[in-house]
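Asks: Quick paste of what TrEMBL says about this protein:
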type: TRANSMEM; residues: 20-42; note: transmembrane segment
type: TRANSMEM; residues: 62-84; note: transmembrane segment
type: TRANSMEM; residues: 91-115; note: transmembrane segment
type: DISULFID; residues: Cys153-Cys186; note: disulfide bond
type: DISULFID; residues: Cys154-Cys170; note: disulfide bond
type: TRANSMEM; residues: 234-255; note: transmembrane segment
Amino acid sequence: MHYYRYSNAEVSCWYKYLLFSYNIVFWLAGVAFLAAGLWAWSEKGVLSDLTKVTGLHGLDPVVLVLVVGIVMFTLGFAGCVGALRENICLLKFFCGAIVFIFLLEMAAAVLAFLFQDWVRDRVKEFFENNIKSYRDDIDLQNLIDSLQKINHCCGAQGPDDWDFNIYFNCSSESKSREKCGVPFSCCVPDPAQKVVNTQCGYDVRKKASKNQWDDQIFVKGCILALEAWLPRNIYIVAGVFIAISLLQIFGIFLARTLISDIEAVKAGNAF
């Protein structure tokens with residue numbers, strides 16, 4: 001192994017190890033996400049039969065966890081190795097990827113603000129597709145239940161959206177015991193009830209008057225609930241977005257500075 005001594009310009013150890021520390025966090029987080037995703041897939045038997053993923057019409061939350069894990073693992077690894085080995089190619093890859101993600105986030109935020117109706121329609125369509133697959137995947141089911149319980153909502157636009165699911169559909173052909181009902185996460189919680197009643201939504205929508213639903217289930221759609229939640233928590237959302245943006249800009253700054261130092265050292269040794 002050869003060690004090089006640079007007589008003139010030097011690579012800043014401060015920036016080098018600060019960038020390494022910055023990336024080791026992302027790398028470890030990526031490993032954790034990948035491990036959690038693969039464990040969840042193994043529990044569902046997906047690793048032995050990948051058609052279970054392709055056969056799901058809705059979103060499998062584990063796929064999102066794995067994608068985030070792969071991106072974080074790859075960028076963290078490239079940043080760590082690039083910083084330690086002073087490898088310009090890896091550092092440029094890391095820097096370029098962070099810049100691309102940052103620009104993608106900015107573009108998404110601007111487009112979401114400018115085309116709110118289009119975004120609302122896509123969210124509605126996305127939610128309805130996942131309602132159809134509610135019973136097909138346990139992770140998707142838990143995600144929808146959590147969303148409905150936290151936001152006190154039911155369905156995309158309202159409880160009738162559960163007609164999209166074959167188990168909750170009110171059609172005469174349905175033989176399901178959950179026919180014309182809603183998931184338990186739509187039910188108004190009873191403070192005196194310590195054990196969750198998973199059958200509380202059975203037959204609710206068979207009642208002729210929708211005014212009778214109010215005492216038993218949430219009647220507000222989750223899209224309306226999220227639209228109402230955003231203005232109330234705009235400072236929290238903005239704070240999180242700014243914090244993430246600053247972290248990305250800081251990473252870009254460290255990478256560019258280290259690249260400049262390495263290039264200056266190579267240029268100095270060329271003479």
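Glycine is treated like the rest: Cβ placed from N, Cα and C.
Those TrEMBL annotations? Automatic predictions, nothing curated.
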Asks: What residues elsewhere in the chain lie close to the transmembrane segment (234-255), defined as a C-beta under 8 angstroms and at least 6 residues from its ends?
Replies: 15, 18-19, 22-23, 79, 82, 91-92, 94-95, 98-99, 101-102, 105, 109
Asks: Measuring Cα to Cα, tell me the gap between Cys170 (disulfide bond) and Cys186 (disulfide bond) in whole angstrom.
Replies: 17
Asks: What same-chain residues, at least 6 away in sequence, bring their CB to under 8 Å of the CB of Cys154 (disulfide bond)?
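Replies: Same-chain residues close to Cys154 (disulfide bond) (Cβ under 8 Å, separated by 6 or more) are Gln148, Asp161, Trp162, Val182, Ser185, Cys186, Ile217, Phe218, Val219, Lys220, Gly221, Cys222.
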Asks: For Cys153, Cys170, Cys186, listed as disulfide-bonded residues, tell me which one has the smallest number of other Cβ atoms within 10 Å.
Replies: Cys170
